[in-house]
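Feature annotations, reproduced from Swiss-Prot:
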BINDING   77-90, 279-291  NAD(+) binding site
BINDING   ARG98, ARG108, ARG137, ASP221  substrate binding site
BINDING   ASP221, ASP245, ASP249  Mg(2+) binding site
SITE      TYR144  site 'Important for catalysis'
SITE      LYS189  site 'Important for catalysis'
Amino acid sequence: MKTYKVAVLAGDGIGPLVMKEALKILTFIAQKYNFSFEFNEAKIGGASIDAYGVALSDETLKLCEQSDAILFGSVGGPKWDNLPIDQRPERASLLPLRKHFNLFANLRPCKIYESLTHASPLKNEIIQKGVDILCVRELTGGIYFGKQDLGKESAYDTEIYTKKEIERIARIAFESARIRKKKVHLIDKANVLASSILWREVVANVAKDYQDINLEYMYVDNAAMQIVKNPSIFDVMLCSNLFGDILSDELAAINGSLGLLSSASLNDKGFGLYEPAGGSAPDIAHLNIANPIAQILSAALMLKYSFKEEQAAQDIENAISLALAQGKMTKDLNAKSYLNTDEMGDCILEILKENDNG
């Protein structure tokens, strides 16, 4: 029996609450598919600052190094806002983990469920065409990491990308498209940026190894418009760091709730950090009303990308779709009639059990 070692870093705010539901789902999935998990929990973020004086301890980092993947909750809160910026939970835990494990690829899915069209700001006639997008963003290069200078009369930032950096993120996008709808849009600004011209050259070359995938190009300004005007045309969106940062937040806005947004950050060895895209929401941390779906979907991404358990991941996604279709929702999705955090997790678990043919 295969055993997957997972570093469980629940963190602060709603993190521990929603993490509990994700682990509940994973435990059942492991039984169904005849593998096992070794969950090793550790403090991260503000909880780690309170316990050890630092947001990411050496012990926690070592635990992550000994694991096959990291399942991350959320960090931060007003309690630690008085600390210097570089010591606060968000800056001093997540960023060092990304750097240490060279997590260069960020994957952000955006799916609008038929039962949640009321939560999206988009018109029904747009949503009804189907919205299921994966934004693949390069995370460790580009303008955020280039040479910069802020002077009295002028300032500059430099965007530098190497062929190697572009090729490895492109392959992540094409491999992702193979288990989706087999289409990749490269989002760039090749009409004015030299770096975007290089992106086109490298991605076109990589595409030769993926003859089954349809590659299209789109300028970033047009892409920003099409996301709200005609999002059904997209499957996988491949973006540089800057463009991916902006467009993934736009995708979050059309989704309807941060409680539905999962993400994965991967390196070239298949190791990944999986986390909800929303924050720690300290204001509702003790109310048992947080939406656990983003955390559960992050666990499904872990199954899919780090452990290659695609069918197990699909089971979880299907169960969530069915629960929502049955009108089972948390307060962020339906303030008039809603389930608590643990009730939502139980509902998804029961659907998984009902559909268990094993």
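Every residue gets a Cβ built from N, Cα and C, even glycine.
For the Mg(2+) site, the Cβ centre of ASP221, ASP245, ASP249 serves as reference, and the other residues of the chain with Cβ at most 8 Å from it are VAL220, ALA224, LEU242, PHE243, GLY244, ILE246, LEU247, SER248, GLU250. Taken residue by residue with DSSP, ARG108 (substrate binding site) is part of a strand.
The Cβ neighbour count for ASP245 (Mg(2+) binding site), using a 10 Å radius over every protein chain in view, is 18. Taking the binding-site residues ALA281, ILE289 in turn and counting surrounding C-beta atoms within 10 angstroms, the largest count is reached at ALA281. Neighbour list (TYR144 (site 'Important for catalysis'), Cβ cut-off 8 Å, at least 6 residues apart, same chain): ASN241, LEU242. Around GLY77 (NAD(+) binding site), the same-chain residues at least 6 positions away in sequence with a Cβ under 8 Å from its Cβ are ASP12, GLY13, GLY46, PRO89, SER280, PRO282. Neighbour counts were taken at the CB atom with a 10 A radius for the recorded positions ARG98, ARG108, ARG137, LYS189; the maximum falls on ARG137. A simple Cβ count within 10 Å picks out one of the binding-site residues ILE85, ALA285 as the most packed, and that one is ALA285.
For the pair formed by ALA285 (NAD(+) binding site) and LYS189 (site 'Important for catalysis'), distance between Cα atoms is given as 41 Å, rounded to the nearest Å. Neighbours of ASP221 (substrate binding site) among the recorded positions ASP81, ILE85, LYS189, ALA281, defined as a Cα within 10 Å of its Cα, are LYS189. Ranking the binding-site residues ASP81, PRO89, ASP221, ASP249 by C-beta neighbours within 10 Å puts PRO89 at the top. Taking the Cα atom of each, ILE289 (NAD(+) binding site) and ARG98 (substrate binding site) are about 30 angstrom apart.
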